[in-house]
Amino acid sequence: MTPHINAKIGDFHPQCILCGDPLRVSYIAKNFLQDAREITNVRNMLGFSGKYKGKEISLMGHGMGIASCTIYVTELVKTYQVKELLRIGTCGAISPKVGLRDIIMVTGASTDSKTNRIRFLNHDLSATPDFELSLRAYQTAKRLEIDLKVGNIFTSDFFYSFETHAFDLLAKYNHLGIEMEAAGLYATAMELSAKALCLCSVSDHLITKEALSPKERIESFNNMIILALEMMG
């Protein structure tokens, strides 16, 4: 047990899928897993363990932003010996290379947060995913005939007040979208010798102002859930 997770030791399996929204975690458990059981609920940040096609797998919410995400990642790895962490979330696109419903495999995460600089003695940390997980995601997407987009993401500490004039600069440097956790996830996994990867479904486009309806978001997210479960299974 930790300050934020009340699961018993052994409740979490070595492979864990992460979502910012605990209700998405519950949705996946109820609609995609067999023998799913709730194993933690501190602060209503839900976690489940179950099976997908006979393979044991766990699910965990992590909240919004680097600070919240890294708390849960640290406790999952250090206390519960989780070895592989796959975050599936949404992002806002800033590049013409991607559109609504596209799934992005995040190969690198820049950030306006100081957390990684503090962690890395004020140097620039290359926040990147595990190669094996990335390869599995790419190969699984090919098998499922999912057109997986590959590129960098910008992880921001801001949801409402990010500098919109920077969108063109980010796109120039092959940043496909903006979200709030990947840079922290990757850095924490690197520090703790765990494997991590982030997949993001494009829910809105910050340049064209297009956005999915709530129903369309669910349908789009389902494709990413299946990709995640298939590659981790």
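We count from 1, first residue shown onward.
Just so it is clear, glycine is given a Cβ too, placed from its N, Cα and C backbone atoms.
Now, the feature entries from Swiss-Prot:
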- His4, Glu179, Met180, Glu181, Ser203, Asp204: purine D-ribonucleoside binding site (BINDING)
- Gly20, Arg24, Arg43, Arg87, Ile88, Gly89, Thr90: phosphate binding site (BINDING)
- Asp204: active site, proton donor (ACT_SITE)
- Arg217: site 'Important for catalytic activity' (SITE)
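Structure with Swiss-Prot features highlighted.
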residue: Gly20; record: phosphate binding site; DSSP (3 states): coil
residue: Arg43; record: phosphate binding site; DSSP (3 states): helix
residue: Arg87; record: phosphate binding site; DSSP (3 states): strand
residue: Met180; record: purine D-ribonucleoside binding site; DSSP (3 states): coil
residue: Asp204; record: purine D-ribonucleoside binding site; DSSP (3 states): strand
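Across the fold, the C-alpha of Ser203 (purine D-ribonucleoside binding site) and the C-alpha of Arg24 (phosphate binding site) stand 15 Å from each other. There are 17 other Cβ atoms within 10 Å of the Cβ belonging to Arg217 (site 'Important for catalytic activity'). In this structure, the CA atom of Arg43 (phosphate binding site) is 8 Å away from the CA atom of His4 (purine D-ribonucleoside binding site). Ranking the binding-site residues His4, Arg24, Arg87 by how many other Cβ atoms lie within 10 angstroms of each Cβ puts His4 at the bottom. Here is what falls inside 10 Å of the CA of Gly89 (phosphate binding site) among the recorded positions Glu179, Glu181, Asp204, Arg217: Glu179, Glu181. Ranking the binding-site residues Ile88, Met180 by how many other Cβ atoms lie within 10 angstroms of each Cβ puts Ile88 at the bottom.
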